[in-house]
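Student: Copied straight from TrEMBL:
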DOMAIN    61-163  domain 'Phosphoribosyltransferase'
BINDING   ARG97, LYS98, LYS101, HIS103, ASP129, ASP130, VAL131, ALA132, THR133, SER134, GLY135, GLY136, SER137  5-phospho-alpha-D-ribose 1-diphosphate binding site
BINDING   THR133, ARG161  orotate binding site
Amino acid sequence: MAAYDRDALRALLATRTFKRGDFLLVSGKRSRIYFNMKATMMTPEGAAQCARGLLSVLDKLDADYVAGLEMGAVPLLGGIAAASWDAGRPIGAVFVRKAAKAHGTSLMVEGLDDAGGETLKGKNVVLIDDVATSGGSILKAADQIAAAGGVMKDAIVILDREQGATEMLGERGITLHALFTATDLGVTEEDRKPID
């Protein structure tokens with residue numbers, strides 16, 4: 001497997017992902033900056049570099065599984081599962097639905113072989129997301145993983161916007177790791193000024 005190239009991923013994020021304007025975030029806050037991570041994560045190079053970067057952090061952690069909330073985490077989870085297999089250290093991946101489907105199995109946590117008895121009970125699960133702002137999306141996933149019996153000590157994101165996620169997750173005993181911070185990508189104090 002090719003090595004993680006942090007500079008290459010930073011360049012992709014800077015050119016494809018980082019936008020300035022007036023944006024409404026999932027957290028409900030208005031922002032002068034936006035990071036459209038899908039524009040990087042869905043390219044061949046971006047998908048590979050994101051997976052390799054996340055795996056470089058996972059290699060230092062105790063992880064049986066990775067998990068995250070649909071939609072932002074799903075491409076990353078698949079990439080991690082594939083890259084971990086190629087690296088000879090397979091890590092399972094599951095995703096958390098925002099709401100259970102009315103059809104099929106109606107599960108909130110998808111990806112386990114529940115018919116074969118696979119569960120998260122007592123397993124170390126590292127939470128994954130593309131961007132962390134307040135940490136709310138990561139905590140939604142954490143609640144469902146905890147309900148399924150998973151043990152969580154760490155979360156990894158491609159980008160920490162540096163807007164409270166580290167502190168919020170820390171209150172729940174979860175350490176946030178980030179491949180990049182907003183500052184790393186050139187966000188200025190002017191960019192951080194509130195719009196509302």
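Cβ atoms are placed via backbone N, Cα and C, with glycine included.
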Student: Which whole-number value in Å describes the distance between the Cα atoms of ARG161 (orotate binding site) and LYS101 (5-phospho-alpha-D-ribose 1-diphosphate binding site)?
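Tutor: Rounded to the nearest whole number, the Cα-Cα distance is 31 Å.
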Student: For VAL131 (5-phospho-alpha-D-ribose 1-diphosphate binding site), which residues in the same chain are close in space, meaning a Cβ under 8 Å from its Cβ, but six or more apart along the sequence?
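Tutor: Set apart from VAL131 (5-phospho-alpha-D-ribose 1-diphosphate binding site) by at least 6 residues yet with Cβ under 8 Å, we have PHE35, MET37, GLY72, VAL157, ILE158, LEU159, ASP160, ARG161.
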Student: What number of additional C-beta atoms lies within 10 angstroms of the C-beta atom of ARG97 (5-phospho-alpha-D-ribose 1-diphosphate binding site)?
Tutor: 15
Student: Quick one: average pLDDT across the domain 'Phosphoribosyltransferase' (61-163), no decimals.
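Tutor: Summing pLDDT over the domain 'Phosphoribosyltransferase' (61-163) and dividing by its length gives 93.
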